[in-house]
Amino acid sequence: MNRTALYAGSFDPVTNGHVDVIRQACRLVPRLVIAIGVHPGKTPLFGAEERAELLREICAPLAAAEGAALDVVTFDDLAVSAARRVGASLFIRGLRDGTDLDYEMQLAGMNGAMAPEVQTVFLPASTGVRPITATLVRQIAAMGGDVRPFVPDLVAERLRARFAKP
C-alpha cells in the first residue's frame, strides 16, 4: 500500500504551524512531499526556490528523526495533479479551527471528486500554533514586529533581512 502523502500550500513564509503539521505527518507516513503552490497572479514575499530551501533546511531533520523521507517540490496546477505526479495516496491538511474545517471540507470534497484515489487526512494544529497564519506573520514582520514566536529562527532571520530599514 502506497503511503506517500502530499502537503500542499504556499508556505509564504513557513510558520511554526506548518512545521507542526509536517512533524505530525512524518509520524504517520514513510514519505511526505511538501508541495509549494506557485500562482502566476500572486507576488510572494519569498520566491518558490527560497521557500523550498527553507522547508528543506527546517524540516529535513524533523523527517529524519521520525524515519520519514521528505521531498519538496513546486507546482503550478491543481494539487490533485501534483499528488498524482509524486504518487501520493494522501493529502495532508492542517486544521486550526472550525473555519478551517469548513473550507477544508469543501476542498476535500472537490479533490475527492477529481482524484478519488487520494484521501484527505486532517491533522489538528497543536494548541500553541493555532493562532498563527502566514498572512499575520507577514504583516507583523512588515511593521517591524518580532515574529520569532511564530516562525522558525531561520525564517525570522530572513524576514528581518527582508524588511530591514535602509
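Cβ from N, Cα, C; glycine included.
Binding of substrate is annotated in Swiss-Prot for S10, K42, A79; the matching candidate from R27, R56, R93 at the same site is R93. If you compare Cα positions, H18 (ATP binding site) sits closest to R93 out of the binding-site residues K42, A79, R93. For the pair formed by A134 (ATP binding site) and A79 (substrate binding site), distance between Cα atoms is given as 19 Å, rounded to the nearest Å. Counting only the Cα atoms, the space from K42 (substrate binding site) to L95 (ATP binding site) is about 24 angstrom. Taken residue by residue with DSSP, E104 (ATP binding site) is part of a helix. Counting in whole angstrom, I132 (ATP binding site) lies 14 from S10 (substrate binding site) by their C-alpha atoms. The binding-site residues examined here are A79, L95, I132, A134; by Cβ neighbour count within 10 Å, the least packed of them is L95.
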